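Annotated transmembrane segment per Swiss-Prot: 25-45, 60-80, 103-123, 131-151, 181-201, 209-229, 235-255, in sequence order, evidence recorded as sequence analysis.
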Amino acid sequence: MEFWQHIYSNFNVIAFSIFGLKVHWYGIMYVIALLLALLLAKFFVRKFQLDINEKHLDSYFIWVEIGVILGARLGYILIYDANTMYYITHPWQIFNPYINGEFVGIRGMSYHGAIIGFLIATLLFCKKYKANPWIFLDLVALSVPLAYVFGRIGNFLNQELFGRITNVPWGIYVDGVLRHPSQLYEAFLEGIVVFIIVYLARFKQSFQGELILVYAGAYSLARFICEFYREPDFGIGFVLWGMSMGQILSFIMFITALLVYICIKFKKVNI
């Protein structure tokens with residue numbers, strides 16, 4: 001276990017360099033996650049014979065990726081970043097991948113901000129192409145969780161979003177302090193477990209949009225649990241009743257998904 005506990009001391013976050021451009025493992029994992037999500041989406045379209053053609057699907061994923069990046073970055077700046085006012089007054093710096101002339105990529109993304117960007121992109125896409133948004137949302141609920149696993153592995157390899165201090169034998173040292181590998185907990189619970197739940201729900205699905213609501217609820221619960229092992233965000237800490245910002249946002253997400261589910265299930269709204 002000693003090698004595992006000191007893995008950060010023996011691991012370089014930079015995978016390789018091309019013409020002086022440093023390629024980080026996080027970036028590689030992000031690309032893998034994106035491609036896997038698209039491949040899984042195409043697989044599920046065929047498997048469940050969904051009314052989505054491949055051209056529309058490819059176009060949709062481009063729209064969604066743009067929405068996710070914009071939402072994730074803006075969400076992080078508005079919710080988590082200690083320099084929010086700086087970015088508001090210097091908006092051109094929001095997506096600046098350079099720090100002091102060195103390429104470091106775009107750092108600081110919010111999952112919950114990404115969700116908002118994703119939903120907006122989906123609604124705009126479906127309005128433009130006159131498509132049913134619930135079909136696309138349910139497809140995303142199936143195809144994203146396993147891809148999400150690689151995103152959290154990317155966080156782990158990038159040595160960020162680390163866990164709270166612990167004494168468990170599988171903990172890893174971060175700056176000389178033993179901590180939970182919470183990124184891997186999240187990869188398992190928020191990725192693999194959530195996928196299993198959504199996939200099984202597909203075979204008992206009773207209305208369009210049910211899968212995305214099941215995903216939202218399952219992810220929120222998984223994230224809420226994982227936050228107990230993850231170090232609270234720097235500069236924010238515990239926000240309310242000993243809960244982190246991630247837990248508060250996950251609680252709001254869960255309640256919202258539950259209310260929408262109840263309204264649709266009991267025919268209080270039509271879709």
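Heads up, the Cβ atoms here are built off N, Cα and C, so glycines get one too.
Scored by C-beta pairs under 8 angstroms, the transmembrane segment (131-151) has its highest count with 25-45, from the stretches 25-45, 60-80, 181-201, 209-229, 235-255. When the stretches 60-80, 209-229, 235-255 are ranked by Cβ pairs under 8 Å to the transmembrane segment (25-45), first place goes to 60-80.
For the transmembrane segment (235-255), same-chain residues at least 6 beyond its ends with a Cβ under 8 Å from one of its own Cβ atoms are 79-80, 82, 112, 115, 216-217, 219-221, 223-224, 227.
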